[in-house]
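This report refers to the structure that appears directly beneath it.
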Amino acid sequence: MEIDTERTGMVLTGLVVGLLSLFQLSIITVVSTVSLAIVCCTISVRIYYGLIHALKWGDGEHPFKTYLDLDISFSGEEAERCTQKAIVMFLSAIDSMKGLFFVKSLFESLKFLVLMYLVTYLGRLCNGLTVLIIGVIAVFSLPLFYKRHQEKVDGFFAKIQAHVDNIKDIFQRLAQGGGPPPDSTPGGAKPKNQ
């Protein structure tokens, strides 16, 4: 899959500038200003193409015809399917939150507790908008980083996964009464002491 760096750069720049502007201005001001800028540009292009057609230098075709002809409608079945999927996802999220808050699984609720405790530290360091900006930059830069350093990244995550599995095993054994660690030798054979 080839990456269109020009479009990607434009989208990333637009998102980051828009999010950075939210630090100084309200979201209503940002949305209205961006809408105003877009409409000013499109009206200028439309008038320019009209003048070109009036001077017989162009074919007079609408400059945004491809966007205007773009079909964004849903059929009844597609709309119903999307609505059902959204409802199922919402109810699943509510059910998961209910299980976490009312301790359906002690281990899962403890993981949620630790996560929320860490998020409070993140909240003290920066606000949600900063995290959103970092997330947008990460979404655009991490795939390229992974593509360039795939072997190192995969090895690093394999080590982390091994440590996480080890910690999960310890916690599960503690929750089940703290039995001895499982025997790692094949077939359970014990080495002889000499």
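Cβ coordinates are placed from backbone N, Cα and C, and glycine is handled just like the others.
It should be emphasised that the depicted structure is a prediction, and the values quoted were computed from it without experimental measurement.
According to TrEMBL:
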DOMAIN    1-194  domain 'Reticulon'
TRANSMEM  20-49  transmembrane segment
TRANSMEM  99-122  transmembrane segment
TRANSMEM  128-146  transmembrane segment
Would you kindly list the residues that approach the transmembrane segment (20-49) from elsewhere in its chain, counting only those six or more residues past its ends and only Cβ-Cβ distances under 8 Å?
58, 60-64, 129, 133
So what pLDDT does the domain 'Reticulon' (1-194) average out to?
83
